[in-house]
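Annotated features, as they stand in TrEMBL:
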REGION    33-61  region 'Disordered'
REGION    112-131  region 'Disordered'
COMPBIAS  118-131  compositional bias 'Pro residues'
TRANSMEM  154-177  transmembrane segment
TRANSMEM  189-213  transmembrane segment
TRANSMEM  234-259  transmembrane segment
TRANSMEM  279-308  transmembrane segment
DOMAIN    526-652  domain 'Cyclic nucleotide-binding'
Amino acid sequence: MPRSMPGKMQRLSIVSEKPLYVLGLNGKLGDVNKRRLEPQPSRLDINSVSGDSRDAHDMEGGGVRARSFSRLARTVILVRNWLVSASEEGDQRSDVDPSAVFELAPSVTRSEAEAAEAPPPPSAPDIPPPPPPKTFLTTAAVIYFTISPNSRAYYLWTTVVSIGVLYNIVALSIFIFDDIYFGYFREWLLLNLFFDAVFIFDIFIQSRTTYLLDGTPVTNIRMIAKNYFSGSRIWLDLSCLLPFDLLLLIQSSASIVRVTRLLKTYRVMEFHALTVKVIMFPAVFRIISVVTTCFVLFHWNACIYFLFSLMQGIDNATDTGFVFSYKKVFNPVIPTCDILLEDADETCAYDESKFDALDLDQTEPLDRTVYIEELMEYWRQRGYVEWSFSNFTKEYSMSIYWSSLTITTCGQQPWPENSAQNMLECVDTLLGLMVFSVIIGSVGNVVSVMNKQRAEYQEKMDAVKFYMKYRKVNPAIQERVLNCFVYMASQNQLTDERDILEVLPPRLTGQIAVSLHMETLQKVELFTECEVNFLYELVLRLQQHVFSPGDYICRTGDRAKEMFILKRGQLSVIDDANSEQVVELEVLNEGSTFGELSVVRVAGNMLGDRRAVSVRSVGFSDIYILAQEDVSAVLVDYPTMRDHLYEKAREMLRAKLLLDETEVDDDQGLLGMLTLPTDEQLSRLQAAMENIDRQLDDYARQQQESVTRQKQRITELEGMFTRNKRRIRRDCERGLLT
């Protein structure tokens, strides 16, 4: 889609339609503009001509010539319309059926129509209507309840189910640690009952979740239930609720019996897919998902390591052994004296110079085990603060530290001391390599996707900067171009809208265009009471343009042949007829439309075909433009709308005292509505004739191919006759061939 670049003069045009002397705006000006609309000679009469001034004598003398030219133009247009209608590749209507996009109005019965036409009853004192009855959840509402998988309620429910699955994944192995088992066993049972109830209710929710059948949502509860119960999900949901929890009556610490709850993991994957679809930053969520997956792997591996340590025995474990030992995790000790400040206590340090354990060359680490008792006694007298942590904190922190280092194959670990420890280290390392390679690949994909758009933006930016420097563009224009480029990148407008939407079906593309522009187009005075199908055809022909600060959308005296819809930004309407005194008449905000009478041509329009004012962009502005030729192409297929627009345009001009009734002829005016300037009509006629030439060439080529095939068949028949001449003659003599 074409876009305006900063610094490039926008030679667009606007025509006056509202009570302004310049252009049609959805608003009013002050008394100054009202005085300019008085029926007296003004700048409006001057702008109504196409450039050169003419006096009354020239107008009277040229009347015959103008009428002769108009007859010639009508003849050319009639020939052109006949040629276009004869060609299959002329102006065609959209392939999208408008009736498939817009919903029909509900039918009205005869009694309702008569009631609407009946006179209103006599006025009565205002009595407030009774409040509507309160509705409660009924049995029928529960029986016929359905939920769409794209609804917000279904997404929230999937979130709750996913939280339950993640809870079971974490709590399933955490009871390896005694502090958790003895401290939170009752809370664990209550949460188990709660999430089991959630899983049971999830079966009901999924049995009422609609699905698509050939693109159509199925809402019949019998078909929905049949689709769910005949699939594989029902078996996973029932298997995960098997009552293996009864084994806790025998061994209360065997939390692993709830491993069947992990069959519900597919709901977490569904939650991930829904979240990526609805959030604004899916790449960030993917990174969070990868981090969560890493934590779950580290957590399970840490629990396995601590269980293995319990089986190996941690009472006699050393601080350099393979298994867990409390000697590896000490409580931090913080001295109370100051040693790092400027007025530090010089005695706040233990003198180690009297021991030979310190290597002066720093080639050997300092061994304080020789005087550890004396060192501890020194600090007891000086005073210190000890941060105490629970056994669970020490056990879990050390275990997950070992787990993360082993899976990621980073860092130095104690050497295994027996065959069992060797086996655990090998298996854990192999699984860690495979799993973590997948995780690293996922992170790489996420990062590459995040950087792809940035890299494309930087490449385009560098190309633009290199071109401007190579061509020695004015530095001021370079700055405007770069600012516009940054703005378009921030609004995701570097990619053409048509390139983005071309992958969608035409119907969906039309629905997007309707949702963006139909409401604004229906508010335009010229298009009020128009057919919906006609407006739909116009909406599909809107084209987006971006204007940078200070760009002119149109200037005084430009040809008026477009209508504008302001979607973002602000525009300033400027009266710059007097270059010495430029006056700002009005500021247009988002949703404003102007130039509506530019898309039709009405005989007797005193505004002519030139702009009376200039319109300039205040900041960055996004504007959709509807061209006059597009409207003319659509009106060819909607003759009733052509009559309606013509009468509406005349009515608007007459209300503003801008219609010369003496120059208006109904037949001539209707034809003039579709009559574009001569050069544009001739160019369109040339394009239509080129299309017809291409079709004739295709027909000639097809005819030549057909003649060639017929000649080949005749040649084959002649050959067959030559080869079988005697046989055919003999058969004829015998009377076998009649």
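Cβ atoms are placed via backbone N, Cα and C, with glycine included.
Whatever TrEMBL says is automated annotation, not expert-curated.
According to DSSP, the domain 'Cyclic nucleotide-binding' (526-652) comprises 38 helix, 42 strand, 47 coil.
Below 8 angstroms of C-beta separation, residues 147-148, 188, 191, 195, 198-199, 202, 205, 209, 253, 255-256, 258-259, 261-262, 264-265, 267-268, 270-271, 274-275, 278, 292, 296, 299-300, 303-304, 306-307, 310, 391-392, 395-396 of the same chain, each at least six residues beyond the ends of the transmembrane segment (154-177), sit close to that stretch.
The average per-residue pLDDT of the prediction over the domain 'Cyclic nucleotide-binding' (526-652) is 84, rounded to a whole number.
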